[in-house]
Amino acid sequence: ASTPSLVSEVLGVCVALADEAGDIVRSVAAGGSLGQVKDKSGKQGADNKAIDPQTQADRRAERLIVATLRSKFGDRVKVLGEESLEGALTEAGSAAELVKPIELHVPPSAEAKSDDVCVWVDPLDGTREYVEGPDHWSGVTVLMGISVGGVPVAGVIHQPFVDHDGGPSSDPTCRGRTLWGGYNMGVWSSPGRDVSLARRVPRLPVADPANLRVATTRSHPGPAIERAIDLLTPAEVVRAGGAGGKVALILDGRVDAWVFPQKGTKRWDTCAGEALLRA
């Protein structure tokens with residue numbers, strides 16, 4: 001087999017790391033002690049719940065992902081994680097061993113100089129939903145987006161608590177689902193721990209304006225969002241948590257658009273999702 005491009009190799013490692021991070025997220029939840037230590041936003045919502053909590057699952061998953069990518073690729077790839085960039089990681093961590101990359105074919109047009117490649121990591125997107133309990137866990141994701149020259153080209157969205165069809169799962173043996181893909185290769189869906197069973201996600205149909213279905217935030221409401229939704233006059237509004245969870249709803253064909261016309265999302269929230277939607 002030909003040597004995979006740098007982007008392809010990074011994507012392969014990210015797909016494998018998604019399963020490892022998903023195991024951490026599930027194991028912390030199963031243990032019953034999330035280890036919430038701070039609210040990164042410094043604010044509370046109207047219900048007195050933390051707006052942007054951080055748990056031991058966030059910290060452990062990010063240490064694994066960031067340390068492994070840096071060990072594997074060194075300074076060929078920039079790795080930027082939410083928790084470390086927002087000052088939420090206070091301990092250094094290292095991966096015990098490298099994750100063997102999965103060789104995925106990415107066309108040469110997606111290749112780039114190594115100093116242009118960046119991985120944006122959100123180790124646990126939808127932390128508020130994670131903290132609130134199993135009824136909201138389907139919105140929890142692990143996000144890894146790969147950008148080249150600032151443009152998202154590939155991404156991984158892992159859903160630890162859903163089945164292969166994207167529905168919520170209460171099965172304790174569930175391994176979750178991973179959505180992955182990129183430029184010129186489409187989007188693929190595979191059950192956790194078994195990329196050999198990956199199936200291609202169909203291309204999205206053109207939305208029908210007369211029957212528009214939109215997703216929006218359930219935990220960060222605001223008047224600008226409600227005005228935008230009113231202007232669209234959608235047939236259905238789905239209020240869901242997590243950036244990755246809402247992108248997954250679009251890829252599954254359950255909604256046509258994500259409406260969020262206000263500040264709040266960061267590159268680690270959107271890079272993976274934008275790459276998959278562009279793919």
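Positions of Cβ are set from backbone N, Cα and C atoms, glycine also.
Copied from TrEMBL, the annotated features are:
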{"type": "BINDING", "residues": "GLU82, ASP122, LEU124, ASP125, ASP269", "note": "Mg(2+) binding site"}
{"type": "REGION", "residues": "34-55", "note": "region 'Disordered'"}
Inset, instruction - Have a look at the binding-site residues (ASP122, ASP125, ASP269) and report the one with the fewest Cβ neighbours inside 10 Å. - result: ASP269
Inset, instruction - Name, in the order they occur in the sequence, the residues of the same chain whose CB lies under 8 A from the CB of LEU124 (Mg(2+) binding site) and which sit 6 or more residues away. - result: ALA21, VAL25, THR55, ALA57, ASP58, ALA61, TYR130, VAL140, THR141, VAL142
